[in-house]
Every structure is written in C-alpha cells, then in structure tokens.
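J.: Got a structure for you, written out below as structure tokens; questions coming shortly.
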Amino acid sequence: MRTVIFRFTAPYLTALMVLFSIFVLLRGHNDPGGGFIGGLIAASALAIYGIACGVAAVRRALWFHPMAISASGLFLAVVAGIFSVFAGTGFMTGLWVFPKIFGTEVALSTPLIFDIGVYLVVVGGIASIALALEERESD
Amino acid sequence: MAEIEATTGGILALALPFVAAALAPILKRIIGAHAAWVLALAPAAAFAILFSFLPEVSSGGVVQFGFDWIPAFDVRFSFRIDGLASTFGLLITGIGTLIILYSGGYLKGHRDQGRFFSFMLMFMGSMLGLVLADDLMTLFVYWELTSITSFLLIGFDHEREKARRGAIQALAITGGGGLALLAGFILIRELAGLNSMTEVLAAGDALRTSPYYLPIFILVLCGAFTKSAQMPFHVWLPNAMEAPTPVSAYLHSATMVKAGVYLLLRMQPALGDTALWTTVLPAFGAVTLVMGALLAVRATDIKITLAYTTVSSLGLLVMLIGVSTEYALIGAVLYLIAHSLFKGGLFMVAGSVDHGAHTREIDRLGGLARHMPITFAAALLCALSMGGITPFVGFLAKEEIYHALEYGDAYHIALMAAAILGNALMFAAAFIVALKPFVGKLPETIDHPHEGGFTIWFGPLVLGVLGLLGALFYETYHALFSGPMASATYGQPVEIDISFVPHLNLAFALSLATIALGIVIYLASNGVRAATSRFLASVGWGPDHGFDQAMRGLLRFSYFVTNRLQSGRLDYYMTITVIAITAALFVPMILGGALPAEPQMPQLRLPEWLVLALILVGIVAVVVAKNRLTAIVSLGIQGFGTALIFMLLGAPDLSFTQFMVETLSVVILALVMTRLKLSPADHRPLREKLPDAALALAGGAGFAVFLLSIVQRPFDPALSDFFEEYSYAIAHGKNIVNVILVDFRGVDTMGEIAVVMTTGLAVLALIRIRVGRRAKAQPDPMETTP
C-alpha cells in the first residue's frame, strides 16, 4: 500500500478532503451536503492518511482521541438543542441570527451548531474504528 | 381544611422513614450507635401522626389522600387509611421504633451499622406505604420495595455465602410472586376497570362474578402466598434468618411476612367467600400451620424455631381468612395483632440470648434466668401470650378462633383439628424458646452471660407488657384496634366482645386441651424432635432442596441456550440474521396478502441501462472472485451503482451519502478482513456453498418484493408537501433533506448520533479486548520465575 506516490500525495489529499468536508458541512442547509456526509468525507480522509503514513501520525495530527471528538460532538448537539429552552421555546426549536460580517449577510443558527455536532460525532466515531483497525499494520 | 391536614400528615408519615434512611449513615458517623435514638424519632413521629387519625378511623371513617401520578393511565399516588391500614400502620411504626432502638444496642460497634439503619428505615417506609396504599399500582410499587429492602437486609452480612443465598432465595420467591400480583392487578384494572382499593371494595360482587375471577384469584394468591411464606413457598423464611436478629424480629415475624396476609384481608370483601376461596385458602393454610409447627419443634436453633412458628402462624391466618365468616375474620385480626406483639418480642429475646450467651443452640442453653432476669420476664410475657394463656391477647385470639371453628361438619372439624395440633405445637415451641434457655443448670460452655443494655431489653419488655395490657383493657383494645380492623376486613361493622375472663364453653375446653397437649409436647420435645427428624429424613427431598434444583436447572438451561445462540462463529450469526430478516420480510406479506402485483417493465433511458449493466457486472465479479478481498471490493460496485441511480433520479444528497458509506464500508471491511485469520478464499465444496447462495437469493428477493409492494401503494404526498412548503419558510433551508435531519426531526438525529458514538465505543472496546488477550497469552517472565 505504501508506495512513494501514495505517501507523497496522501497528506495533500487528506487536507483537500477535510477542507471539502467542511465546505460540504457548511453549505448543507441549502445545497446537497450536511454534517453527516461531511463527517463521512473527513473520516475517509483520516483513514487514507492513516493507511499512507501510519496511525501514529494521524493520532498526532488529531491531537485529541477520536472518541473524545465524537463525544464533544454529541455534547455540542445537545447544547444546541438546549439553547432554545433558555429562549423560552421548546427543546430544539431552531434559533436564527443574520449578522452582517464584512458587508455580507451570514446566517447563523442553532441547527448549524447541531449539524457541526453531527459532523464531529461521525468523524470521531468512524475514524476511531478505522484507526483502531489499521493500528495492527503498524505493529 | 381537614383534607389538607390529612394530606400533609399522611405524606409526612410516609416520607419520614425514607428521610431518616438517607440521613442514617451520616448520623451514625457523627454520633455512633447513639444515632438510634435520633433515628427512632422518625417512626415514632409517623406513629404519632397515624395515631392522630385514630378517632376518625375507629368510628368507621376513612382518611384518604394522594395526587395524580400518571394521569394518562389513571395511575394515582394515593393512600387510604381505614381500620385495617391504621392498625397495620401503628404496628409497623410502633414496633419499628422499638426495633431501631434495639438495633442501636444489638449492632453496637458494627462496621456497617449506618447502612443497616438505612436499609431498615427504607424497609419501614416501604411497608408503611404498602399497607396505606390505595391505588393498585402504588401498592405494587411499595410491595416490590419491601422485597428489595428485605433482600438487602437478609444479605446484610454479604460476605457469608449462606446470607447471600438466603437473600437471593427470598428475592426470587417474593419478587416472582410480586410479578404475579402485578399481572393480577393489571387484570383487575383493565378488565374490571377498578384502579384502587377503594374502587375494588366499593365494587361489591363485580370481581366475584367476573369471568376473570379465576385468573385474578390465582395471581393475587401467588403474590400473597409467596410473601406470607405458605407451603411450599415457605422455604425462604427460615433461610432469611441469616439476617441479623433485629431484621428477623421486624421483617420476618411482625411486618413483611404479613404483607400477604394483609393483601388477603384487604381483598377479602371483594374476592372472598367463594367456593374457591373457602377451599384453597384453608387447605394451604392448614398444611402450612401443621407442617410449620412440626418443623419448629424439630429445630435446635431458637431463631429457626421461631421462624417456623412464624410460618405456622401465617398458615393459621390464611386458614382463618379462607373460612371467611365473621368470627373467623375477627379471630384472624386478633391473632395477627397478638402475633406481631409476641413474635417480635420473642425474636428480640432470641437476639438478646445470642448477644448475652453467644449461642442460640437450645441444647447448649440453660440457667440464664439469674443472669438475664429482665429478658426472662419479657420472654415469659411473650410466651404466655403465644401459648394463649389468659390474660394475654393471645388468649383472646385463640378463644375467638376456636369459637369460629366449632361447627359439626367435616370441613370445620378438619380445620379445628389442624388448629388444635398447630397451636399445641406452637405452645411447646414458645416455651422451648422462652423457658428452656432460662431454667435448669447453666452449661459450662457459656462464658459470662450478661444482660444487654437498656435498648436491648426495652423492646421485648414493652411488647410483652402490651400483650398483657391489650387483654386487660380489652374494651379499649377492641374499640381502637381490633374492632375497626375487623370491620374493614369483613366489609361491614362488627362487634368484638371477647374478654380475658374465660367462659365455660366448648372453645374454652378446647383451649385447655390445647394447653395440655402443648405441655406434653414440651416435656417430650426431645422425643418429638427426633421423631420429626427421622420422618423428614425419610422423606429426604424438601422444597428448599427443590429451590436449589430449580436454580441449577435454570442455569443449565441458560448455558444451553447461550451456547446454542452464541456459538462465536461469524458465519452462523450471519446465517441466523439473514434468515430472520428474510422471514420478517416474507411472512407478514404472505399472511397479510400484501404481495405486490407483477410490475410492468419501466421505460428506461440509456444511462439507466448502463448503470444496471454495471450492477450486473458487479454481481458477477463478486460471485466469481478468486479471493475474499476482491469480492468485497467488487461488492462496492453495487453500492456505487445504486448511488448512481439515486443521482439519476434526482436525489443528490442520498447519492452523495451512499457513495461515502460505500467507500468507508469497503475500506473498513477490508481492514477487518486483514485482522481476521481467514483463508484468503472460500475453499468449501459447491454443495456447502449452495445453501448460503439460496439464502442470499431469498434475502435479496425479500427486499425486492418488499420494495415493490411499497412502491405500488398510492403515494401520500402530505409530508412532502409540508416539507416543501415550510422548509424554507420557517426553517431557512432549501435542502429539504438536511432541514429534516437537523431541524424538523432533529431529536431523531440526536438519538442516531448517540448510537453512532456508542457503536464506535463498542467496536473500539471489542478490538481492544482482542489485542489484550493476545498480549496476555504471551508468557510473562515475571510469572514463571517463583
């Protein structure tokens, strides 16, 4: 698997895929995409990086344990739902603000936070499985 | 106003023991064994509150309070204090106060005394809730709570195996009975529409004439008989004697074992007085009465002797409730109160003897009277009441019982014979426990026998004296306690006029005969013990042994089932799963006649034809693949084909996800393959592959047919119209799929991502376990060198 070409291109490929996954995540509300797909893309990016350069490199790059990323995502998703309780509406009612940043109207919302939570859960969960399975090849 | 007071007071009385239970461990840590004095205030206060209801209750009134619990199912958290509940409640809290004090002295210096107080008070609160409960579900909850707290108390000495076994046995039997009771209550609720005891009592003959009387009767009886230790469910009670003595005195004589009797007394007006009731109950009761008393005389441990006399007394109570006449019920009520007093007292005496002389074996006890005079006095007072000697409450009960049974027909004669034999044996047992250890010569094996502290002798003495006072002031006793209780039990007001002055009638003659017989048995107790031991040895098998056999059988059965289902072979799991799914797809469709009509060949465009061709190529590639890895990768072709179809039909989100899922599953499957020690290819002969192939085809066909039948149903556009209309209007999103996921059905998604995370954790743990095992399998140099 670890051909020179693969090992050379894998970091760039991974970086591009992670960037693309964030793009997919953010555009998801109006165009095809969303947290789940974005998470899957990012997870496969990490899997590719792991196959090419070894699991240890991925773990170093991630800094956090993938399971911790997953758990923080779940936490974020729940927090996004709880926001609306403080706003006096039912649990998980979407809240929206449209601030102007550099002259462009940007839509920010609790569903977006929720979607980011979904993304993190999927990245962390799938990546931790994939990395754990890949681990043996390195030892 | 009065109602508000009842609610506050009643709820306070119910909550106090639990509050005290929560505080007990902390209090014990701060002030040691003296915590008992503070903790005893809780039951004492509850007693005072219940006592304040007495004027209303004894004049025939009913105090009711509670609030809605689960309104959707008409479940209320409600209580009802009538004569029956009041007397029971007073016994529970009154004896409970004494028991807490007694435990303060008895378990002084015990490492876990705080925990003990806590369990004890929790039990007290549960038991109080049980007898006061009105709503059937409330009653059931408290019923199970008593089983659980009793389990904790029996297993208090959890480091001993016998204590653990006793605890599990009690929980299995009483908990099992509790489930039967729940079923019975549900039948009463659903089929008769009666939600509470108040409604059950007001319903008159509704339950008796119901077509479901028999199942309700059996289920309620299962609950009552297991809790009240009727043969053959009695086995748990003697084994529960593994608990510290205060537990035995309280739970296993005075209160918990009476829960079943309470239930029968409570349901008597609604379920009783049928042919079934008057046959089954007396039959079980009489057998339990005689067998229990025989076993009591056989035992050499005074605590076990008392345990079997309790079994026997419970048999007597069930028998009397079964007779269902006014006098029989009065007798049952009088006996129940008397029994709680004298048996609680005698158990505490047994504990004091154990505490002072360090043994409970009757053969090794004697001559303690001089060293433990107060305990001896308490023991005698209780034993005289148990023996039915005037002027004690036990005498009133026995007179009334004989009075209730003095009819000439075979039914009553048989029950009378059982009552006389049982009572005579219990008379002997009472004096074996209360007299033998105290008279005669002090054996040399007993080192420094001594009286316990105030808390140790106070409880039994109070109970013994109460047994005397109750009979001396019988008019007050009947007016406040036994009268209202009997009225509530009989269903209409009854008058009790039995006094401690004997009248020369048949009942009194039989009473004298019982005492005479009892004295003979007492004097010949060694011979009787040997004879019963020989008899039981010749029988050999007993229900206690049967319980072990049943438990072993259950274990063996579960091993068998587990071995069958969890073979550990992946292919076996896969086969079972696919068979189950195929069956789940086909069976409802065939039974429901929902098989789809033959579909028409759709008009396909060129790209669609090409994708179909690609999928077919993929299938062929999977089947002819030389090794497993190739097959897995080829399987991916199908997935990509499906994703392409989604794309062509205008579902980019779905297609996108399908691509990613397919990629990742191929990657992960391939990685798993490298970890499994499989041969790279499937080398089985064709005839072994064919069944798998057939199954795979069946599964695929199942999904195809299922999808066809869904597609052929008329499409209901209500949901899609809704989402199309509101997706952007209220959720600010043009991508309907995403809006549904994160907004409209966000809670679903939250559940799903929780599953994703948990699955990740589980998979991680499984992979780790395998790694760990491998690491362990390698010999550790440290271990091999001695």
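Glycine too: its Cβ is placed from the backbone N, Cα and C atoms.
Automatic, uncurated: that is what TrEMBL annotation is.
Pulled from TrEMBL, these are the listed features:
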- B:71-117: domain 'NADH-Ubiquinone oxidoreductase (complex I) chain 5 N-terminal' (DOMAIN)
- B:116-133: transmembrane segment (TRANSMEM)
- B:133-415: domain 'NADH:quinone oxidoreductase/Mrp antiporter transmembrane' (DOMAIN)
- B:168-189: transmembrane segment (TRANSMEM)
- B:209-226: transmembrane segment (TRANSMEM)
- B:277-297: transmembrane segment (TRANSMEM)
- B:374-393: transmembrane segment (TRANSMEM)
- B:413-435: transmembrane segment (TRANSMEM)
- B:456-474: transmembrane segment (TRANSMEM)
- B:506-524: transmembrane segment (TRANSMEM)
- B:572-594: transmembrane segment (TRANSMEM)
- B:606-625: transmembrane segment (TRANSMEM)
- B:613-677: domain 'MrpA C-terminal/MbhD' (DOMAIN)
- B:632-650: transmembrane segment (TRANSMEM)
- B:690-768: domain 'MrpA C-terminal/MbhE' (DOMAIN)
- B:753-771: transmembrane segment (TRANSMEM)
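Mind mapping these onto the model and telling me what they sit next to?
T.: A mean pLDDT of 88 is what the model gives for the domain 'NADH-Ubiquinone oxidoreductase (complex I) chain 5 N-terminal' (B:71-117).
Beyond the ends of the transmembrane segment (B:209-226), by six or more residues, the same chain brings 143, 173-174, 176-178, 180-181, 183-184, 187-188, 191-192, 233, 259-261, 263-264, 267, 271, 274, 276-277, 280-281, 284, 318 to within a C-beta distance below 8 angstroms of the stretch.
Same-chain neighbours of the transmembrane segment (B:277-297): 217, 221, 225, 229-231, 234, 238, 264, 271, 305-324, 411, 414-415, 418-419, 421-422, 425-426, 428-429, 432, 521, 525, 528-529, 532, 536, counting only residues six or more beyond its ends whose CB sits under 8 Å from a CB of the stretch.
Beyond the transmembrane segment (B:374-393), the same-chain residues lying 6 or more positions past its ends with a Cβ under 8 Å from any Cβ of the stretch are 309, 334, 337-339, 341-343, 345-346, 348-349, 352-353, 356, 368, 399, 423, 426-427, 430-431, 433-435, 438, 451-452, 456-457, 460-461, 463-465, 467-468, 470-472, 477, 500-502, 511, 514-515, 518.
Cβ atoms under 8 Å from those of the transmembrane segment (B:506-524) belong to residues 297, 387-389, 395, 398-399, 402-403, 406, 416, 420-421, 423-428, 431-432 of the same chain, restricted to positions at least 6 beyond its ends.
Note on the transmembrane segment (B:606-625): residues 631, 634-638, 640-642, 644-645, 648 of its chain, located 6 or more positions outside it, place their CB under 8 angstroms from a CB of the stretch.
Within its own chain, the transmembrane segment (B:632-650) has Cβ neighbours under 8 Å at 607-608, 611-612, 614-615, 617-619, 621-622, 625, 656, 658-659, 661-663, 665-666, 669-670, 673, counting only residues six or more beyond its boundaries.
Sequence-distant contacts of the transmembrane segment (B:753-771), counting only residues of its own chain at least 6 positions beyond either end whose CB sits under 8 Å from a CB of the stretch, comprise 675.
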J.: Across the domain 'MrpA C-terminal/MbhD' (B:613-677), what are the DSSP residue counts per state (helix, strand, coil)?
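T.: Per-class counts: 57 helix, 0 strand, 8 coil.
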J.: In the domain 'MrpA C-terminal/MbhE' (B:690-768), how many residues does DSSP put in helix, strand and coil?
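T.: Grouping H, G, I as helix and E, B as strand yields 69 helix, 0 strand, 10 coil.
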J.: Should anything in the same chain at least six residues away from the transmembrane segment (B:116-133) have a Cβ under 8 Å from its Cβ atoms, list it; otherwise answer none.
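T.: Residues 10, 13-18, 20-22, 24-25, 27-28, 35-36, 39, 42-43, 46, 78-81, 84-85, 88-89, 92-93, 96, 99-100, 103, 107, 110, 139, 141-143, 145-146, 149-150, 152-153, 156, 197, 244, 246-247, 250-251, 255-256, 259, 262.
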J.: When DSSP states are grouped into helix, strand and coil, how many residues of the domain 'NADH-Ubiquinone oxidoreductase (complex I) chain 5 N-terminal' (B:71-117) land in each?
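T.: Secondary-structure composition of the domain 'NADH-Ubiquinone oxidoreductase (complex I) chain 5 N-terminal' (B:71-117): 32 helix, 7 strand, 8 coil.
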